[in-house]
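Novice: Sharing a structure here in structure tokens format.
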Amino acid sequence: MRAREIQRNWQHLGKRGILFLGILIICSAANNLWVTVYYGVPVWKEATTTLFCASDAKAYETEVHNVWATHACVPTDPNPQEVVLENVTENFNMWKNNMVEQMHTDIISLWDESLKPCVKLTPLCVTLTCTNVTNNRTNANKNDTNINATVTSTDEIKNCSFNITTELKDKKKRVSALFYKLDIVQIKQSEINQSESEDRLINCNTSTVTQACPKVSFEPIPIHYCAPAGFAILKCNNNTCNGTGPCTNVSTVQCTHGIKPVVSTQLLLNGSLAEEEIIIRSEDITKNTKNIIVQLNEAVEINCTRPSNNTRKSIHIGPGRAFYATGDIIGDIRQAHCNISGGQWNKTVNQVKKELGKHFNKTIIFQPSSGGDPQVTRHIFNCRGEFSYCDTTDTVDDTEEEEDTTITIPCRIKQIINMWQKVGQAIYAPPTAGNITCRSNITGMILTRDGGNDNNTRTEETFRPGGGDMRDNWRSELYKYKVVQIEPLGIAPTRARRRVVQREKRAVGIGALFLGFLGAAGSTMGAASITLTVQARQLLSGIVQQQNNLLRAIEAQQQMLQLTVWGIKQLRARVLAVERYLRDQQLLGIWGCSGKLICTTNVPWNSSWSNKSQSEIWENMTWMQWEKEISNHTSTIYRLIEESQIQQEKNEQDLLALDKWASLWNWFDISNWLWYIKIFIMIVGGLIGLRIVFTVLSVVNRVRQGYSPLSFQTLTPSPRGPDRPEGIEEGGGEQDKDRSVRLVSGFLALAWDDLRNLCLFSYRHLRDLVLIATRILDRGLKGSWEALKYLWNLILYWGQEIKNSAINLLNTTAIAVAEGTDRIIEIVYRAFRALLHIPRRIRQGFERLLL
């Protein structure tokens with residue numbers, strides 16, 4: 001009884017243990033995390049890509065071709081979308097912004113492109129005979145807003161005559177034109193007439209000059225830079241953003257605001273304004289070598305004019321080429337100038353000094369430029385095709401201007417301008433007929449700070465207007481933008497696991513994963529199938545590389561195809577969008593996630609990648625924070641997902657190979673039973689027919705041998721001998737051993753007897769065949785074994801013989817060598833003894849002679 005009680009307790013304990021073990025397994029399985037792929041996550045990283053332009057070019061004058069080629073840009077979006085990113089902090093750096101470099105390169109390319117079809121002024125590098133243009137007028141008061149001042153004859157313009165080639169290259173003619181004094185250099189003074197001199201164009205010994213086409217306009221048109229698909233532009237909306245550091249108010253846009261490509265120095269014109277206070281921006285404000293960009297919060301209007309009523313004439317300098325020059329000046333020769341409201345400018349300068357004082361805690365002093373290149377020491381800008389060089393000394397002095405006063409900035413016009421983007425290349429701006437007036441807004445300044453060794457002891461800091469690097473102009477507008485690349489593929493741990501075919505994972509040779517795209521061409525089909533993933537990836541890389549090569553070819557043929565830089569950028573942007581999409585879809589396809597936004601995998605999550613719990617990840621972290629945490633392990637996770645998918649595909653392929661055995665279960669389908677019965681009846685009928693045929697043939701054979709056929713109804717006993725009596729009634733005696741033929745009656749009995757005899761016949765013959773085959777196989781194996789034993793003994797015998805022969809040969813050789821060595825030693829010894837005894841033999845010979 002006690003044994004039975006213990007047995008019952010163990011049974012209950014076993015059931016409870018199994019239940020507890022099952023719960024433990026379920027709980028442990030529930031705590032396992034698996035890698036899950038997400039497509040479309042809000043993750044980005046800093047990138048450098050090709051931007052394209054958008055512009056409302058059709059809204060401007062259509063008769064002229066603007067140098068910015070905005071007609072090749074896409075139209076602007078009438079309803080631009082801007083999405084504010086909540087709880088996002090992003091770092092910006094305007095001094096290391098590729099958008100600035102890209103815009104700088106684009107503007108250079110646009111200037112070059114606009115000048116390609118224009119006339120080269122190399123034939124003008126001849127001796128110019130120049131005289132001063134005389135015009136006796138008086139200068140106006142500085143405070144007069146309607147300036148009618150004129151310059152003296154030696155100030156600005158000279159009338160020059162020179163020889164030039166006509167339409168016929170072997171003919172020359174003398175022509176004259178007016179040149180600004182800044183555009184010519186005196187060669188020598190005339191000895192006869194002091195007012196006459198020999199001059200040349202200023203560029204003839206340094207650079208080539210291209211005349212701007214007369215239909216080209218330099219009027220700045222707003223350009224919107226746009227990011228291609230797969231990329232985005234982040235915008236910092238902090239009102240006090242200084243262009244560097246973290247920004248907490250971030251939004252994403254597809255295009256920037258309209259940026260006017262104004263080429264100017266010292267003063268920034270027609271840009272954007274600060275929303276609150278004046279912003280001071282510098283890469284390192286403690287270094288005096290770094291420029292300081294000042295963004296104003298209120299625009300200051302500046303009105304510039306060239307009051308002289310000039311006329312323009314065309315001078316033919318060869319077949320199909322014309323040079324446009326100033327023909328005459330109608331009326332007074334008055335100086336170009338700009339007017340600024342004194343009170344407004346004085347207020348702005350004081351605010352700038354106040355902001356600079358916050359950074360240096362010293363007295364701020366503004367001084368004029370200390371000298372250098374005219375493009376830096378003067379405020380340069382373009383007004384309706386005329387390039388003006390203005391002296392800004394009066395704008396930085398410390399005199400307090402009254403509210404109603406006007407600051408007049410004198411300007412000088414140059415027609416030959418050294419292009420700010422290239423060395424050894426200049427542009428000739430054709431004169432513009434009539435009066436010229438431009439109204440602009442000063443929205444910023446570019447300053448430089450004086451250096452020195454006594455910075456710590458000085459109580460003043462001196463700032464001067466600067467510029468010259470057009471990148472600073474573009475930075476003043478692009479400081480709040482940065483380009484990022486959207487990474488829509490994200491990975492995170494979840495408890496969901498992909499249901500796959502469970503098979504033992506086989507090792508894959510690591511060398512196969514590094515084969516080239518065509519490296520598996522000579523491998524077997526099975527070996528090449530392992531590298532399909534690598535081939536797909538390298539095929540896409542080849543497509544991308546080919547597209548880049550094609551674009552480089554198009555860019556090289558830009559002049560032939562008449563493509564502007566915007567056309568190239570649009571081609572790049574479109575191809576780049578396709579490449580980005582194909583790459584993402586290729587990765588999803590390799591991972592077995594095509595067409596899925598959320599895709600589970602069979603890769604277990606490794607705690608070394610991140611040991612945070614699932615709740616900490618999904619409830620407390622953003623996708624950007626999560627991506628930064630696992631960024632060092634992303635490539636490893638991608639590789640494991642890829643290997644898992646490859647193994648799954650192999651398992652599925654093996655499973656498909658086993659599907660043919662699944663059709664065996666269909667044999668038991670009731671719908672197939674009638675077909676089975678029909679086949680059975682056909683087989684039985686065939687066997688019966690064969691039996692009948694064989695029976696008829698047997699009867700015919702016996703009849704031919706002289707026997708009569710047996711009766712189908714009578715059983716005839718076999719005859720007995722006289723010495724073999726039948727058995728007695730008591731059952732004694734020997735039983736009869738003669739067989740009697742059993743007669744059957746009925747069709748089924750006959751069929752069953754025939755089938756039984758046929759099966760026995762087949763069994764006996766198959767048994768005999770198997771026995772014969774077994775006997776033959778046994779004899780063959782025994783013979784093979786005997787042959788192998790004989791061959792092995794033969795090998796051992798001949799091996800021993802060869803060994804003995806080698807030993808004998810070695811012994812014989814050793815003996816021969818030893819005997820030869822002994823003989824050689826003996827001969828050498830005897831020769832040595834003979835040589836040694838020569839003096840003795842000589843002495844003995846002398847002794848015999850003496851005796």
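Just so it is clear, glycine is given a Cβ too, placed from its N, Cα and C backbone atoms.
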Novice: I want to verify the bond table. Which candidate from Cys338, Cys383, Cys390 sits on the other end of the disulfide that Swiss-Prot records for Cys438?
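Specialist: In Swiss-Prot, Cys438 forms its disulfide bond with Cys383.
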Novice: Cys130 has a disulfide partner in Swiss-Prot; which of Cys118, Cys125, Cys160 is it?
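Specialist: Record-based pairing for Cys130: Cys160.
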Novice: Of Cys27, Cys204, Cys213, Cys226, which cysteine does Swiss-Prot list as the disulfide partner of Cys125?
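Specialist: Out of the candidates Cys27, Cys204, Cys213, Cys226, the one Swiss-Prot links to Cys125 is Cys204.
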Novice: Considering the candidates Cys226, Cys247, which is the cysteine that Swiss-Prot reports in a disulfide bond with Cys236?
Specialist: Cys247
Novice: Reduced to three states, what secondary structure does DSSP give Asn87 (N-linked glycosylation site)?
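Specialist: Assignment for Asn87 (N-linked glycosylation site) reads coil.
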Novice: Using DSSP, would you call Asn361 (N-linked glycosylation site) helix, strand or coil?
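Specialist: The three-state answer is coil.
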Novice: By a simple count, how many Cβ atoms lie within 10 Å of the Cβ of Asn87 (N-linked glycosylation site), its own Cβ left out?
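Specialist: Total other Cβ atoms inside 10 Å, all chains included: 8.
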Novice: Within 10 angstroms of the C-beta of Asn303 (N-linked glycosylation site), what count of other C-beta atoms is obtained when all protein chains are considered?
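Specialist: For Asn303 (N-linked glycosylation site), the 10 Å Cβ neighbour count is 15.
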Novice: To the nearest Å, how far is the Cα of Asn238 (N-linked glycosylation site) from the Cα of Asn249 (N-linked glycosylation site)?
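Specialist: Rounded to a whole number, the Cα-Cα distance is 6 Å.
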Novice: Indicate whether Asn346 (N-linked glycosylation site) is helix, strand or coil by DSSP.
Specialist: helix
Novice: What three-state class does DSSP give Cys759 (S-palmitoyl cysteine)?
Specialist: helix
